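Engineer: Sharing a structure, written as structure tokens. Questions coming.
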């Protein structure tokens with residue numbers, strides 16, 4: 001295979017992974033190959049597919065359902081681990097079992113709590129403020145501490161989540177429902193209202209679109225979409241030079257990041273100044289920090305970061321999980337009926353669910369766990385990174401290795417969850433008399449160890465109140481594909497992205513009764 005063929009193969013595969021500009025001409029090619037041939041550690045790394053010269057396992061990285069393909073490889077080879085070599089000497093270590101993920105990401109968290117560093121993201125896009133992607137260290141700890149202090153136990157979060165769910169119910173009265181757009185709006189409504197006191201009116205709202213654009217950019221970069229992150233010397237390519245188009249893209253996305261971080265925060269500051277700021281996490285924080293000293297200004301800067309990250313995070317995984325809920329209910333009417341019966345038994349059809357019911361309807365708790373288990377929003381999690389060489393089970397894990405926990409595989413382990421792991425069955429989390437059993441819940445859908453998602457409580461709250469509110473008042477029926485035919489479960493292919501979700505399908509949201517309609521129409525008056 002000659003040089004031109006290798007470059008063609010590289011470009012073909014990278015373009016499938018979402019690369020924006022892959023021209024490697026002239027000096028770009030020289031830089032690339034100088035870096036590729038720089039070599040890496042020659043040691044006994046964990047098992048994996050046989051690598052190619054130069055490209056490593058780049059062509060082995062699947063573009064559809066990688067979580068299933070990695071799981072099959074590990075099971076076929078009786079291994080908890082799978083190692084993929086990348087060009088330039090680095091590699092990806094897939095952890096396919098709970099034992100491997102716990103051993104490394106929890107028990108050895110001092111080694112495996114870093115995130116891979118992206119030149120595109122941090123240096124060129126200027127998004128080092130995203131604390132979920134920061135290196136493990138003092139800055140990350142300060143941000144996480146502030147997040148917990150301001151978000152955990154905040155009355156604003158649950159109040160706005162409940163109101164957003166009830167606004168969704170009123171939109172579902174419309175016969176021309178596009179549930180995916182409505183779930184997008186509901187999630188944005190909940191998070192923007194809770195963080196900034198901003199209530200978006202439609203899915204075309206400025207802040208909703210801003211979050212969508214930036215989340216899309218983050219997904220491309222985090223998915224390894226730019227050669228500059230594999231070949232760092234490419235950062236010196238001028239913008240005007242062939243192959244330098246990634247810098248123009250970085251400039252555009254950098255502007256989105258600046259806007260997302262500053263505009264809504266300054267909007268709340270203006271509202272506070274004129275006395276019109278509604279209750280939100282931002283208004284509560286700013287009201288308590290009106291001094292203008294160095295310590296307060298640093299806290300305000302950190303707060304800008306975590307507020308922006310909160311609404312960016314919700315624009316991704318939470319939407320996908322709500323779409324999975326819709327799909328599961330449409331495909332499993334018997335499960336839907338059992339969940340509705342459990343809600344009816346608790347509420348007697350007299351009111352809508354609220355957070356006083358949270359934890360008091362065991363079937364709904366089981367349903368929530370099953371939604372997160374059946375298809376987690378991030379099937380391969382977010383990459384961790386090793387901060388030094390380590391040895392595990394006799395294998396070298398080199399410093400800088402990308403660590404990918406196969407969350408989907410762990411939550412589909414037949415030894416834990418039963419042989420019917422591909423079925424949607426909330427009862428797997430319940431005893432025969434309807435109480436919680438000892439099967440592990442689906443908390444790992446939110447991550448592992450010190451890098452577990454800080455917004456997981458907010459995510460669970462949003463999923464619970466939204467799904468319970470819909471089930472109390474609507475039947476989800478008649479799922480059909482884009483050709484109008486009954487939806488075939490075997491044809492469903494989740495997106496291969498940082499926040500995975502099912503393809504769109506049409507379905508009907510039908511009011512359960514006249515009494516349910518009255519609850520929907522009066523819901524916001526009761527909030």
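Even glycines carry a Cβ here, placed using N, Cα and C.
OK, Swiss-Prot features for this one:
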BINDING   453  heme binding site
CARBOHYD  77  N-linked glycosylation site
CARBOHYD  274  N-linked glycosylation site
CARBOHYD  297  N-linked glycosylation site
TRANSMEM  17-37  transmembrane segment
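Help me picture these features in the structure, burial and contacts included.
Structural biologist: In sequence order, 132, 313, 446, 447, 459 constitute the residues six or more apart from residue 453 (heme binding site) in its chain with CB-CB distances below 8 Å.
Around the Cβ of residue 77 (N-linked glycosylation site), 12 further Cβ atoms fall within 10 Å across all displayed protein chains.
For residue 274 (N-linked glycosylation site), other Cβ atoms within 10 Å of its Cβ number 7.
Counting every protein chain shown, 12 other Cβ atoms lie within 10 Å of the Cβ of residue 297 (N-linked glycosylation site).
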Engineer: Rounded to an integer, what is the Cα-Cα distance in Å between residue 297 (N-linked glycosylation site) and residue 77 (N-linked glycosylation site)?
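Structural biologist: Checking the Cα atoms of residue 297 (N-linked glycosylation site) and residue 77 (N-linked glycosylation site) gives a distance of 54 Å.
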Engineer: Looking only at C-alpha atoms, tell me how far residue 77 (N-linked glycosylation site) is from residue 274 (N-linked glycosylation site), rounded to the nearest Å.
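Structural biologist: Per the Cα atoms, residue 77 (N-linked glycosylation site) and residue 274 (N-linked glycosylation site) stand 65 Å apart.
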